[in-house]
Amino acid sequence: MALLKVKFNLKKRVKLAQGLWLMNWFSVFAGILVFSMGLFLKIELRKRSEVMDNNESHFVPNSLILVGILSCAFNGFAGKICYDSLDPTKFAKWKPLLKPYLALCCIFNVLIFFVALICFLMRGSLDSTLAQGLKNGMKFYRDTDTPGRCFMKKTIDMLQIEFKCCGNNGYKDWFEIQWISNRYLDFSSKEVKDRIKSNVDGRYLVDGVPFSCCNPSSPRPCIQYQVTNNSAHYSYDYQTEELNLWRRGCREALLNYYSGMMSSMGAVILLVWLFEMSVMVGLRLLHTSLESIPNPEDPECESEGWVLENSLKDTFKSALENLKKLGKFNQVEAGAEGAEGEEGGKTQTVTTVS
C-alpha cells in the first residue's frame with residue numbers, strides 16, 4: 001500500500017504546482033536568511049578570535065553559509081520545475097531529472113537537520129576553546145611592547161567592559177599571573193623585590209585586577225589592588241562584602257553569549273528544515289501525480305500521487321534487498337576475476353613446460 005496516497009484532478013494539480021512554486025521562493029528567502037546568520041556568526045567569532053584557542057568554532061558558521069547557498073540553489077531549481085509542470089510539454093524535459101533531484105533533496109534535508117543539531121551541541125567544544133584562549137590571552141596582557149601581542153591588553157579590557165566579566169573563571173584568576181609589565185615596576189623598591197623573590201618563577205604577583213574588572217554601578221570607589229587585604233581599606237571585608245568587581249568570569253559570559261546565539265539559530269534552522277521537508281513531500285506528490293496520468297493527451301483526467309509507492313516497511317525491506325544484491329554482485333565479479341587470473345596462470349605454466 002502506497003504511503004500518503006492522494007487523488008488529484010487537473011485543478012488540484014495546478015493548485016499544488018502553484019503552491020509549491022510559492023513555497024520554493026519562500027525557501028530561497030529562508031536560504032538567504034540562513035546564509036546571513038552564518039555570516040553574522042562568523043564575523044562575531046572573528047571579533048574575538050584572539051581569545052579563542054582554535055578554529056573549531058568556525059565549523060558552525062561555515063555550515064550555515066553552505067546550507068544557505070545550497071538552499072537557494074535547490075529551491076530555485078525546484079521553483080522552475082513547479083512552474084514548468086503547468087505545461088506538459090515543458091515538464092517532459094524535467095521528468096528524467098526528478099528522481100535524482102528528490103534523492104539529492106533527501107540528502108540535503110539530512111544535512112540541514114545535522115547542522116541544526118550541531119548548533120545545539122557545540123557548547124562543549126566552545127567552552128574548552130574559550131577556556132584555553134582566555135588563559136593564553138591573560139598571560140599576554142602585560143606584553144604591550146611585544147610585536148603581535150601589543151593589542152591583547154586592549155582586547156581583554158574591552159572584553160571585560162563589554163561583557164561585564166573579570167578573568168577566565170573569575171577575578172581571582174588575575175592573582176595567578178603577572179599582568180603588570182616589568183617596565184612599570186620599580187625594581188629598586190623592597191616590596192617589588194620581595195614579591196619577585198617569593199615567587200618560584202620570579203613573577204610579580206599581586207592580589208589585584210585590571211581597571212576593566214571594576215563595576216561602575218558600585219557606589220564605592222573601585223578596590224582593584226589588595227583585594228584580599230581587609231586592613232588596607234576602611235570598613236571592608238572581601239569575604240562577606242559585595243565586591244565592586246565583576247563576579248562572573250569571561251568564559252561563562254562569552255559561552256552564554258555565543259551559545260544563546262547558536263541555539264536561536266538552531267531553532268531557525270529546524271523551522272527551515274520542516275519547511276524544506278514539506279516542500280520535498282509536495283514535490284514528490286506532484287511528480288507521481290503527473291507520472292501516473294493514465295492518458296497524457298487528456299490532462300484533465302484524474303491521477304494518483306504518493307510519497308512512497310509501497311509502505312515504509314516494504315520500502316525499507318526493498319532497499320535492504322537491493323543492497324544485498326549489490327554486495328553479492330560485487331563478490332561474483334571479484335570471484336570471476338580471480339578465476340580468470342588462475343586460468344591465465346595455468347595456461348602460462350603449461351606453455352612453459354612444453
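Any Cβ shown, glycine's included, is placed from N, Cα and C.
What TrEMBL records for 335-354 is region 'Disordered'.
Positions annotated as transmembrane segment by TrEMBL: 20-41 (among others). Sequence-distant contacts of the transmembrane segment (20-41), counting only residues of its own chain at least 6 positions beyond either end whose CB sits under 8 Å from a CB of the stretch, comprise 60-72, 75-76, 78-79, 82-83, 261-262, 265, 268-269, 272, 275-276, 278-279, 282-283, 286.
Here TrEMBL flags 62-81 (among others) as transmembrane segment. Sequence-distant contacts of the transmembrane segment (62-81), counting only residues of its own chain at least 6 positions beyond either end whose CB sits under 8 Å from a CB of the stretch, comprise 20-21, 24-25, 27-28, 30-39, 41-42, 91, 94, 98, 101, 104-105, 108, 111-112, 115, 118, 265, 269, 272, 276, 279, 283.
The feature transmembrane segment is assigned by TrEMBL to 101-122 (among others).
What TrEMBL records for 255-275 (among others) is transmembrane segment. Sequence-distant contacts of the transmembrane segment (255-275) (same chain, six or more residues past either end, CB-CB distance under 8 Å): 23, 26-27, 30-31, 33-34, 37, 41, 44-45, 57, 60, 64, 67, 71, 109, 112-113, 115-120, 122-123, 126-127, 130, 163.
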Under an 8 Å Cβ to Cβ limit, what residues of the same chain, 6 or more beyond the ends of the transmembrane segment (101-122), are close to it?
57, 59-60, 63-64, 67, 70-71, 74, 77-78, 81, 259, 262-263, 265-266, 269-270, 272-273, 276-277, 280, 283-284, 287
